[in-house]
Amino acid sequence: MFPAVSLDVAAALKTLVLTLDLVGTFVFALSGATAGVKRRLDIFGVLVLSFVAANSGGIVRDLLIGATPPAAISDWRYLLVSVMAGLLIFFRYPKVRHLKNPVLVFDGAGLALFCVAGAQKALVFGLAPWAAALLGMLTGVGGGVARDVLLSQVPAVLRAEVYAVAALAGAAVVVMGHVLGLPSGPMAAAGAVLCFGLRMAAIRCDWHLPVARTPEEPEQEARDGR
Amino acid sequence: MFPAVSLDVAAALKTLVLTLDLVGTFVFALSGATAGVKRRLDIFGVLVLSFVAANSGGIVRDLLIGATPPAAISDWRYLLVSVMAGLLIFFRYPKVRHLKNPVLVFDGAGLALFCVAGAQKALVFGLAPWAAALLGMLTGVGGGVARDVLLSQVPAVLRAEVYAVAALAGAAVVVMGHVLGLPSGPMAAAGAVLCFGLRMAAIRCDWHLPVARTPEEPEQEARDGR
Amino acid sequence: MFPAVSLDVAAALKTLVLTLDLVGTFVFALSGATAGVKRRLDIFGVLVLSFVAANSGGIVRDLLIGATPPAAISDWRYLLVSVMAGLLIFFRYPKVRHLKNPVLVFDGAGLALFCVAGAQKALVFGLAPWAAALLGMLTGVGGGVARDVLLSQVPAVLRAEVYAVAALAGAAVVVMGHVLGLPSGPMAAAGAVLCFGLRMAAIRCDWHLPVARTPEEPEQEARDGR
């Protein structure tokens with residue numbers, strides 16, 4: 001009675017997307033927990049930073065498009081994955097902290113997944129293409145911004161290497177595919193690959209965005225890395 | 001014609017809840033205003049911090065569950081109470097600042113009231129039990145987080161004693177009562193008592209949550225208390 | 001068939017309001033970009049600060065009154081104007097930074113436009129008069145608060161001269177006109193003029209709001225202007 005094959009494909013795709021989303025959540029939660037442990041927060045603070053770093057981008061996106069309650073507080077798996085990542089870091093920090101390269105790779109994967117998923121959700125809610133691209137980028141970078149604001153630091157994304165631009169590029173691919181009527185699955189994959197590739201290239205080649213020339217000295221806070 | 005007794009009880013309960021809610025608002029506003037005076041904000045800044053510390057938790061909760069406009073800007077009493085607390089601190093700071101113990105007790109009472117009320121409101125809006133417990137905690141601690149972020153400090157709740165855990169426990173009691181179908185009034189009272197008791201015990205016994213062992217030195221910002 | 005004259009007037013008014021709104025957006029974006037360049041953010045960070053400083057007040061207002069998606073992400077002109085201001089500052093900072101007085105005048109104009117427009121939108125969405133006045137003020141000052149929080153600074157509006165009070169006064173005029181049933185156009189003009197005049201007088205006469213007397217020394221962060 002049902003077209004079993006396409007149902008299977010749809011179910012498989014849905015499972016894939018959920019899996020990727022949870023992997024992205026886990027990786028971003030690792031970054032939040034690591035930052036919390038470094039600043040010597042207690043275990044509750046570390047878990048809060050895990051959840052905030054992993055879910056803030058999606059929560060703000062959902063608030064902006066009117067999708068309340070946000071997915072992060074209507075699907076328990078996001079909380080579970082965030083807490084697991086936080087506990088892992090809290091109890092295994094001395095061992096995990098040397099794994100800088102794997103974390104950067106996973107973080108790039110999380111960024112790629114989130115920017116694509118964020119743009120798609122914004123399109124589903126009827127936002128204009130340019131706004132969907134912005135919200136895709138916001139979904140990718142929002143968690144890191146919230147993490148840094150809670151730690152009273154200028155968000156790294158505002159002064160680090162090519163990071164938000166990679167997210168914007170990935171989201172833009174999804175949006176252009178939508179505008180041109182191309183199939184959404186392959187375009188999502190292309191967007192994620194572009195974002196991930198840009199991010200990895202930026203790390204490997206030490207790409208930086210330009211800074212404005214200013215005649216005055218940088219302020220103290222800027223110099224000591226805050 | 002009307003069942004007068006139960007109406008009276010319901011009205012009395014409603015009045016009680018509103019009174020407790022406003023007392024909690026007042027106490028949290030005191031904490032915000034005190035922090036503002038200490039940082040030498042002007043009178044407007046002090047009043048803003050009063051309002052933010054007292055109402056941010058509830059406002060964010062209402063945004064997340066889609067209850068717009070939030071109660072804090074649809075019922076004028078929350079503004080009035082916040083401003084009164086702010087003015088009291090602004091003009092009587094030299095006298096009030098020695099009252100550390102009473103403020104801690106009132107703050108614990110505010111926390112207890114807010115976590116219970118926040119969990120109940122989230123349940124009314126149909127959130128899952130685990131999300132309602134989280135939102136109850138958020139209602140209790142959100143104001144303090146916003147206060148500290150505005151003052152460019154790492155939120156105290158992320159590194160202080162047992163505070164958010166007490167709020168989570170109180171909210172969890174309300175949620176468990178809801179799941180088990182127990183009457184909401186007594187469960188709310190039990191949750192508030194548990195939260196308040198935990199908080200008072202944590203202060204008296206100097207309970208702290210564990211911090212992760214890290215081989216490296218704490219960062220400068222962590223050491224000087226920011 | 002149509003009452004051509006009043007239509008023309010309405011269209012002209014609408015164009016006027018949109019123009020003023022975009023001018024306000026541009027000016028606030030200049031302030032955000034300038035702060036970002038001073039802190040040596042990269043070009044992406046500077047553009048983010050432009051957008052945030054210009055649009056956060058309106059976005060938060062729209063979230064609070066339930067007007068999702070907010071205007072800033074449903075009308076592309078706000079993004080365009082913000083980005084143009086950010087690029088101008090980024091590439092012309094050495095020349096622009098001496099223009100302190102013009103910027104202050106434009107900033108005052110932006111404040112006047114935003115507080116009036118914010119109060120009107122809140123009234124349209126059915127908020128109580130006192131809440132509409134608050135939201136008008138929030139629309140005017142919210143962008144600057146978000147800009148400073150992202151830069152890890154205590155928001156200037158909490159400790160600077162008469163700024164938020166001017167916005168509150170302008171918004172209050174709009175709200176009082178609404179309550180008294182007066183025509184909205186002239187009242188909006190009066191509110192904007194009052195806000196702008198108060199702000200200019202505060203700058204010229206170096207008006208400050210009072211600070212509470214505290215027996216203790218100000219904290220270090222307060223003294224060095226953070």
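Even glycines carry a Cβ here, placed using N, Cα and C.
The transmembrane segment feature in TrEMBL is assigned to A:12-31, A:43-64, A:76-93, A:130-150, A:162-180. Annotation comment: TrEMBL describes A:19-92, A:105-176 as domain 'Glycine transporter'.
Against the transmembrane segment (A:43-64), stretch A:130-150 shows more Cβ pairs under 8 Å than any other of A:76-93, A:130-150, A:162-180. Under 8 Å from some Cβ of the transmembrane segment (A:130-150) lie the Cβ atoms of residues 28, 31-32, 35, 48-49, 52-61, 64-65, 110-112, 114-123, 156-157, 163-164, 167-168, 170-172, 174-175, 178, 195, all in the same chain and six or more residues away from its ends. If you look at the transmembrane segment (A:162-180), the same-chain residues 6 or more away from its ends with a CB under 8 A from one of its CBs are 108, 111-112, 114-116, 118-120, 123, 129-130, 132-137, 140-141, 156, 186-188, 190-192, 194-196, 198-199, 202, 207-209. For the domain 'Glycine transporter' (A:19-92), the DSSP counts in helix, strand and coil order read 63 helix, 1 strand, 10 coil. If you take every residue in the domain 'Glycine transporter' (A:105-176) and average the pLDDT, you get 88.
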